[in-house]
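Contents: one structure, followed by commentary.
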């Protein structure tokens, strides 16, 4: 009560008194209570303390009311500071100095006593320990379960942009110009004056529905502007055509579906021509351009009668356009006086026209009536056989149709006025003829005999023997030189041939710019003298030409920028007869005599080279053909000199182009630098030029090479290295023969480097194990796998068609005997073709005269189609009307499901075909086909297929083989299975997406990325890997240097497209490097031309979207896109890649980690270096290196990886991925037996075999992830051994046991072991591409994981049912992937791996036959196990039966993997070790290492080890471009 009164009094006092007095009172009360008894003290102390606390906790005393005046404000502030703040300070001091010590004294003076028994104490101790254990277990040791969620990256959605193209038919004539331009795109790039010249005489014609047009009677280029026309061909069943003698080429002649046209039977439908398509074929265009070109040189006679007989064997009558004017009975030609009239009219002259008509040439005046009669006869005979460029072809309009016709006269005039442009067009058409018609017939339809027969018949035009005095003793002396050198070198050193030493080789060619300037200077200095020479009398001309050899002739030609230097000067004011008498085009023997007389002081080697060059030049048409065209031009000039002069001035002002001398003789030669790209000019005769002539230049290029018997000069599929002129010996031209077993799938198999180009698939993933280059050169093997076609005898030329027209060889050429050849490189031939269009025109004329009827009709029906990027070629469900062959570009086939989900079925690159199955079965299109980029296609219409099937069943069989192979692939791996597999795997690669990539665009993410250096290093790596047909890179400067300032203008767009298409056809791969700013046309070109786009970014920079990526998205390209991250060190921080990929859903081709040393800013130590000297710089660098050695957490690479194995570099890995030649490593599961994987990988490292992709199952996924993380065997070994030690601990296993509801263990220790190994790393951060597989028991399917946390999916792949619980992933339960597929070779093949090393360490089941009867007693089984005398095998236990049942599907996949092409199956001898014997790490590791060494050594001895060095040797196709020189 007293306490209560005291408390109440204190409270009342507090309310009445000021703060200090109340505080003193409470202090006195508390001090007076100290001597109280200890038993009574706590109560009053507590009460007083409460009062003190209440006093201190109470708010300060109420302040006076807020004053209204300034003095009141000041007083209020003073009262606040002097009352409130001191009271708070006093309360704090009192609590810390009095109250708190009192509490502590009371607490420590208190004594407590607890009494309990041992059981209670033990229970409390267990509770405390369990609580601490739970806290540590679930708070500290369970960090792996608290990682932030990182779901797998989903497959990007396929971009299929709406088709903006209008389709085939456009209404009316509104788009007349568009249709016309699309039709004449076949001519390639046309400059404006050429276009006007070609189209100014164009005519249009209206055809009503059902009207028939006899194309046989149409001499011109026909195209459909509006409407629909059907093209028919006369069936060979009639056999009455004048050009139907080649029935042996055409097979069966029966025709069930024939059409009636004008009451006649025997016509078959070839194709239907729609808007903007040509009714003429490539062959007919060549015929129009080359009407005035001679097929062979009628003046040239060789010293060999056999050659004369060979040339007398004329073109067979079956050829549609065989020029036969007076050639059935060749008459001897006098050496001294060649007949110019026969030269002019041998192919039939043009019809007689008035003299002033510019488009036709009149008959040249002649004084010999016999010549005139002979001319008339030949003219009539030639006209009869040249009446049509469309033999046996009839067109019928299905609807009212408008067609446009460019008459033949326009082409003849174009050839005269613009010969350079004509040669350019002919070059384009020759290229397309090879890529469209020849490649389709040879590689797709199997018409090898027809195609190769053209090259065989071409030898009759190109055989010219050496003069007699260069044979016999001179040839023997030449052979002796080579024999001595061969004996000195040995047989092994001469497989590539021995080249005769050329003393002039060192001074071969000056730079082109120097020669241009020299030529221009000389032209200006010599122009008055040239003019005087032109108008001199015949005597002076005779004097100048007396004793002139062809070499002297060449020296008289001006060498302008693109000028000719091997064409006859054109004396304008001379009669044809006088010109005939003073012709410079002598016969070979006289040429040789003059040459020898002029070169008496030189040795025989130079004479050999000169004679070989003479023969080669005559063979390619640089002889009388040139003179004949010059004479025709002079005739035209004589008939209308003023008009010709005016016309030449007009064309010089607009489009200067003169190859054959169509220029006014008084016109001075302009500056070579100012001429057009197509321009040329010719000087007149008179004097010799000091400028180095083409002849002198080429004579230094001629190599005389010796090849021993069996040497390979040209391989099939190789671009011709040049011309081989056979001096002595025989060359065998043949082709490889596919084995019987491979014949069924030979068409659809990807081609190797030795297969023809282009084939259906040039880049391979199935031809991994190929014999080495030495095996390929084995004569015994060659005899077994090679079919000989024909021989090339001395005097013959090999590679004429291929080298001049830049074709690829359909055959291989082998030395039948020891052979001596003259070799002219392809580069020299290209210079000839550039300066002398007559060479190309002669080749075109010869080709058209030899084309078989079957190829002619195929050429008519094949349509060359140009498709823009993103354009849909056909939609799913459309009627199938054609087969499409990819000439250039890339297509993608997309399947659209009912829920509008798009699935990629396949991608088709250059040389591949699509649509055969639907055409043959006449079904609808199963999927939508669209162009990934700008694409050129050959459209093979169904009507042509039906027509060929009736007359040539072999073609049907060939296509049926292809369809059978594709159906087999479809059965073995259905489309739906692939789609489900990819969607569940999280990966985005498809089986076809990495195949046959021809163009790669290199695009920076943002400005500042060193893409040029990256591109150069990638180019170097591709060169070292050995890409088929080579690789090149393009940047803006390279394009500008080649095409000039109009490269990116509207005018040059077609020119650029054609140039890029030619490059892509010439090289196996083209790199487009976007080294310009974002909005430049070159960046746009790089994007639109790329099959695959590499987005290059700096890993350490910001992962935000860059400006180049925004531009890329705006382009709406559907090309494959891959991300390349450049690292300065060989280390990727965890989570870095995920940040880059998170916002880039358009990356649909994976990513790559590349180490590349780069520096965007200058080193900070450079300024100090200048001020403090080199000593300080060295000290700083040493200290920095030492500090980084101990402080950096990044794993340093040992020299084992980088220095000794250069092919394992990052750029080489990227190069192999792009080429489709990646090396995959598949590691199977098997528990502790998987430790052998470590030894096998070490053996692969020591053998120098690079690994690009790693896939694993169970323990294989663990070992594979360790290797993929760092791409080094050293850290992999240490971490694997540490993990094996944890797994071998029985204490950890025992502590992890739990009640076996789902599994025997909780899985915690297992999780921690894996997590301690990998940490929070993600699969995307691995240096090598990695995946692992699991079994999803929730959805009953297999899944592949290539993104997300490593430890989770490796743990899931290692989860053995019953021992470890399944891991949960997005609601599904994942178990060991080995239950479905323990060796994932099939998926690795789908990722683009060419060679796969598959290591199987799984257990082998006991397959002992059982015979325990129809019922079984468990007691008997138990007794039988312990009975040592029992002869009955022990039946499997219940757990064994369940385990075998779980692995049923895995066994089937394992057997399929063993026979997969390109798979090297390895099984180390580890059957003696159990699944959980992790304690035997060193022992199992040594077993795997020794087995790997022995296995790889065996492969190396067999020649089937895919070492980079051997692969490089296989690609060295140019046998003579770098021959071994011998100074003989």
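Numbering starts at 1 and runs along the chain as displayed.
A Cβ is built for glycine as well, from the same backbone N, Cα and C atoms used for every other residue.
Ranges compared are 192-214, 215-237, 238-260, 261-283, and Swiss-Prot records region 'Disordered' for 238-260. Range 73-93 is the one annotated as transmembrane segment, of 52-72, 73-93, 94-114 (source: Swiss-Prot). Given the ranges 360-388, 389-417, 418-446, the record in Swiss-Prot names 360-388 as region 'Disordered'.
Checked against Swiss-Prot, the range among 11-31, 116-136 recorded as transmembrane segment is 116-136. Break the motif 'GXGXXG' (1229-1234) down by DSSP state and the numbers are 4 helix, 0 strand, 2 coil. Ranked by how many other Cβ atoms sit within 10 Å of their Cβ, the binding-site residues 731, 791, 862, 894 place 791 at the bottom.
Distance between Cα atoms for residue 910 (nucleoside 3',5'-cyclic phosphate 2 binding site) and residue 731 (nucleoside 3',5'-cyclic phosphate 1 binding site): 32 Å, as a whole number.
Here the candidates are the binding-site residues 862, 894, 926, 958. The one whose C-alpha lies nearest to that of residue 731 (nucleoside 3',5'-cyclic phosphate 1 binding site) is 958. In the three-state DSSP reading, residue 846 (nucleoside 3',5'-cyclic phosphate 2 binding site) counts as helix. Here residue 894 (nucleoside 3',5'-cyclic phosphate 2 binding site) is compared against the binding-site residues 701, 716, 791, and the shortest C-alpha distance is to 716.
Cα spacing between residue 846 (nucleoside 3',5'-cyclic phosphate 2 binding site) and residue 716 (nucleoside 3',5'-cyclic phosphate 1 binding site): 23 Å, rounded to the nearest whole number. The Cβ neighbour count for residue 910 (nucleoside 3',5'-cyclic phosphate 2 binding site), using a 10 Å radius and every protein chain shown, is 27. Counted with DSSP, the topological domain 'Lumenal' (94-115) comes out as 15 helix, 0 strand, 7 coil. Ranked by Cβ neighbours within 10 A across all protein chains shown, the binding-site residues 701, 878 are led by 701. When the binding-site residues 862, 878, 926, 942, 958 are compared by Cα distance to residue 791 (nucleoside 3',5'-cyclic phosphate 1 binding site), the shortest distance belongs to 958. Close to residue 926 (nucleoside 3',5'-cyclic phosphate 2 binding site) in the fold, though at least 6 residues off in sequence, lie 876, 895, 918, each with a CB less than 8 Å from its CB. DSSP labels the residues of the motif 'GXSXG' (1256-1260) in these numbers: 2 helix, 1 strand, 2 coil.
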